[in-house]
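As structure tokens, the structure follows; a few thoughts come after it.
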Amino acid sequence: MALVVGILFMIFSISVLIFEYKKLIKIADKRETRFYLLSMVVLIIFATLQVSNIFSLNIISGYSWVAKPIADPIERILSTFQTGGGD
Amino acid sequence: MKEKINLRQFMILIFINLLGTAVIFLPSIATNFAKADSWITMVITVVIGCFVICWYTTLFIEGGKQNFFVIIEQGFGRKGGFIFGFLFLSYVFLNAVANLITIGDFVSVQVLMGTPSKVITFIVLCTAVVGVRYGLEVIARSAEFFFSFIVISIILLFLFVSPKIDIQNVFPVFQMNQASTFVGIIPILTLTYLELIIFLGIMEQVSNKEKLMRGYLIGGIMGGIVIFVVTFLCICVLGVDATIRQTYPIYVLGQKISLADFIQRIEGIVAFIWFFTNFFKICISYIVLAKGLQHFFRFKSYKIFIVPLAFLIFYAAYEGFKNSYYIPEFINSTYVVISYIIAVIIPLLLHLSLIIKKLKR
């Protein structure tokens, strides 16, 4: 099922890419168009792999992982004051 | 042609942005800390929030009323500006993704039960893409249009719920949990006034910059009052324990409405308020994100980033939070840290560096 959704998602993404590219080529310069194509291709691959459950990279967890050294003690301190504690 | 919004539209966007996530999560978070005194926590937060707003406006004026990303480069230099600018953009990105996740979660849990949250996330994101493509002016105008509906919905909610108020739930006032009442301000500020730093990204597009602080403050105070009243009503109507237990206490408040067995359970009003406010919040974060990237990559238009960003935002929101229980945990840990670094420490450093550079000149 996930694979089917992934394929559908890819078809949708590529049609968006073509639709946007046709519009973009009229207004953007070469550098911008190249950037657009590159970023879209990379993101479409990432998103399709993610949607089809082949690949899993959780960006939000990435934020938590980076903030972890400070976030953990802060959470512990805050939790002592929750539900009316801390007095 | 540069897009411009007027002061009234800016004020409305501030008001809507404040209500966004806050109106639905804050009563529960505030009550979790201060119990019956959570309304006091809210009052103090609004007062501190006004100072935060004044500070952000002063920072913008100090930077020469320019694009915020230009101000960052002015303060930290080209390379420093790039690093700090990207840190700021990562916060804006997190904000957009988190709001998208919460809207998907809320609608799939409370309104369209059984519909996967990813589908709702996808639909909202597609609408946001259309909005952002039209530009800030159109977003501001539609916010202006929906503003009256949002205000009427809020007033109706307040009016219909008011007969259920039991003022005894608020007592005893400030007798217990004094420390928690103040500690609760830390996470609440991150969800309300510190998020307004995102508006520095669009401030240069406000036409009447002389009265900027006034519009910023009025929007902030109005939003603060609504959040305070919602929290107060939640304690008075639902009681402390029920407010803590519920993830979306304001929605339960809507379910409590029963007027002469005629007007009943109009929780749809709450869903309406939240859906629209959060949608505009996502749009503003999205537009600031695209504008920031446009500045740092020196592109002619920010519109080139809209669709690639949509993929990245959807991709991040797809697996973002494993479940609803993770959201409060995230707000009390990671989000607090990231918010205070991006919305307090970096602007403070920027302000200091701008002042030092001014003095040297």
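Even glycines carry a Cβ here, placed using N, Cα and C.
Feature annotations, reproduced from TrEMBL:
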- B:12-33: transmembrane segment (TRANSMEM)
- B:39-61: transmembrane segment (TRANSMEM)
- B:82-107: transmembrane segment (TRANSMEM)
- B:119-136: transmembrane segment (TRANSMEM)
- B:143-162: transmembrane segment (TRANSMEM)
- B:182-203: transmembrane segment (TRANSMEM)
- B:215-240: transmembrane segment (TRANSMEM)
- B:269-289: transmembrane segment (TRANSMEM)
- B:301-318: transmembrane segment (TRANSMEM)
- B:330-356: transmembrane segment (TRANSMEM)
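Between the transmembrane segment (B:82-107) and the transmembrane segment (B:39-61) there are fewer than 3 Cβ pairs closer than 8 Å, counting only pairs 6 or more residues apart in sequence, which means the two stretches are not in contact. Of the two recorded stretches, the transmembrane segment (B:12-33) lies close to the transmembrane segment (B:215-240), with three or more CB pairs under 8 Å once pairs fewer than 6 apart in sequence are set aside. Looking at which of B:39-61, B:119-136, B:301-318, B:330-356 has the most CB pairs under 8 Å to the transmembrane segment (B:182-203), the answer is the stretch B:39-61.
B:215-240 is the stretch from B:39-61, B:119-136, B:215-240, B:301-318, B:330-356 with the greatest number of Cβ pairs below 8 Å to the transmembrane segment (B:143-162).
Using a Cβ-Cβ cut-off under 8 Å and counting only residues 6 or more beyond its ends in the same chain, the transmembrane segment (B:119-136) has close neighbours at 3, 5, 100-101, 103-104, 107-108, 112, 142, 202, 205, 279, 282-283, 286-287, 290, 303, 306-307, 310, 313-314, 317-318. Within the chain carrying the transmembrane segment (B:39-61), a Cβ under 8 angstroms from the stretch's Cβ atoms is held by residues 26, 30, 33, 68, 71, 170, 173-174, 181-182, 184-185, 188-189, 192-194, 196-197, 199-200, 203, 212-213, 216-217, 220-221, 224-225, 227-228, 231-232, 235, 347, 350-351, 354, all 6 or more beyond its ends. Outside the transmembrane segment (B:301-318), and at least 6 residues removed from its termini, the chain residues within Cβ reach (under 8 Å) are 93, 96-97, 100-101, 104, 118, 121-122, 125-126, 128-129, 132-133, 286-287, 289-291, 293-294.
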